[in-house]
Amino acid sequence: MPLSHGCLPRSSPSAAEDPTSSTAADPTVPPPPSPRTRHVSSCTAFDYSSNSDGSAATSSTVDSTSPITLPSLLGPPPFSASFACLSTLHTPDGAPTAVAVAAPSLLYSASAAEISIYDLASLRRLDSFPAAPASGSVKSVAFSPDGRAFTAHQDGRIRAWNRSARSGRYHLVASLPTAADRLRRLALPSNYITVRRHKKLLWIQHADAVSAVAASGSLLYSVSWDKTLKIWRTSDLRCIESVAAHEDAVNAVAVAGDGTVFTGSADRRIRVWGRSAGEKGRHGLVATLEKHRSAVNALAVSGDGAVLYSGACDRSILVWEKEDSANFMAVAGRLRGHRKAILCLACAGDLVFSGSSDRTVRIWRRGGEGRGYSCLGVLEGHVSGVRSVAAVRVPPEAAAAVAEREGEGEEEYRVCSGSLDGEVRVWRVRIWSRNQRGMEAEEALL
């Protein structure tokens, strides 16, 4: 797969993803260190860049990898944050790690060698099981509503995992496409497509690495470097549709609550897909979003589906908002701050988290009124690029108890970041209103 402007897309193979590499890293969880909390104030984030020391910097030049000029979104919300690293986890093989959080508070850390499950509250490892090492690195993890886990692999297959009701341990159910699905289609020549010269595959098979998966309702969506989007039925694990989605490798997929599907590609485009009415409704192209000038590596959708965030090799995150027009979504502005390619994005509540090749995770928040954003903090500590990030909000009652005991924080989140060297960091992030903090300070002086 060609690399755009010398950056490393989230789905591009690298030396760090070599399944034959091995380290002696300890897979056990170290006791959580006494976290050192950092406090930062909110800062204007649109068209904003930052030096390594955190000071703001501006530049009058625009390089060839920058997106076209986009409007700034003014009016940063009055929020601040504190954050601390609670624990650092290591994979046994030191391979790139994909992280995901499943309700209510389980962290899944997946590498080429194994998948480990941790309790986010205690940071205790609950289980681990082999992740089909011969299949190469795990690119992505998704969960269906029935609790089944799906992992996307370098070898072009998707693995489905079930948790035993008796033992509580996970076991491999099938590799997609399943043998039964392939057998029922082998006889018909029309079921084959040409993937390269002198090579044909069934249309239900991915011809290259599966870069990402996402689940919504009874459907699983997978995208691949083979330029396709495939849709699977989770009830019987059958592939029901294959879409020639892009002109280059597809790096990311995200699904809104209403079933709208977004795909991001190395062809620098984001495409929006909708399903027609009816039980056998097919997915069709709704819109093509074109503003990035380099490969799109990551996508995330807000909880209400009204805002889409896209990250690319041009170091910026574009913010797209729904509009009533043929274009479906319009770009509202961009978030600048990372110094290298954006590799991953995640939404939780009103927050957006971005991971980058610059080895940091940034925290962004949108204001309650208007369209202003602020950068609430930069999580530093990884020694390699951050290729996966997941976040979940701590239940309000638990956060309130901590806030009352420690005297800070209106909202609390657990953020998990996985890097290209197999390290996973778990962070505590607390958010409060600066207005409220100011009133509390005034009351203390009276």
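Note: Cβ is positioned from N, Cα and C throughout, glycine not excepted.
The region 'Disordered' feature in TrEMBL is assigned to 1-65.
Summarising the annotation, TrEMBL assigns compositional bias 'Low complexity' to 49-65.
Helix first, then strand, then coil: DSSP counts for the repeat 'WD' (243-273) stand at 0 helix, 17 strand, 14 coil. Taken from TrEMBL, the feature repeat 'WD' covers 243-273 (among others).
Taken from TrEMBL, the feature repeat 'WD' covers 289-330 (among others). DSSP states for the repeat 'WD' (289-330), grouped as helix (H, G, I), strand (E, B) and coil, give 0 helix, 22 strand, 20 coil.
What TrEMBL records for 335-364 (among others) is repeat 'WD'. Long-range contacts of the repeat 'WD' (335-364) within the same chain: residues 7-10, 45-50, 52, 81, 83, 294, 297-303, 309-319, 373-380, 382-393, 411, 413, 415, 417, 419, 427, 429, 431, each at least 6 residues beyond the stretch ends and with a Cβ under 8 Å from a Cβ of the stretch.
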Kindly report the helix/strand/coil residue split of the repeat 'WD' (335-364) according to DSSP, in that order.
0 helix, 20 strand, 10 coil
Please compute the mean pLDDT of the model over the repeat 'WD' (335-364).
95
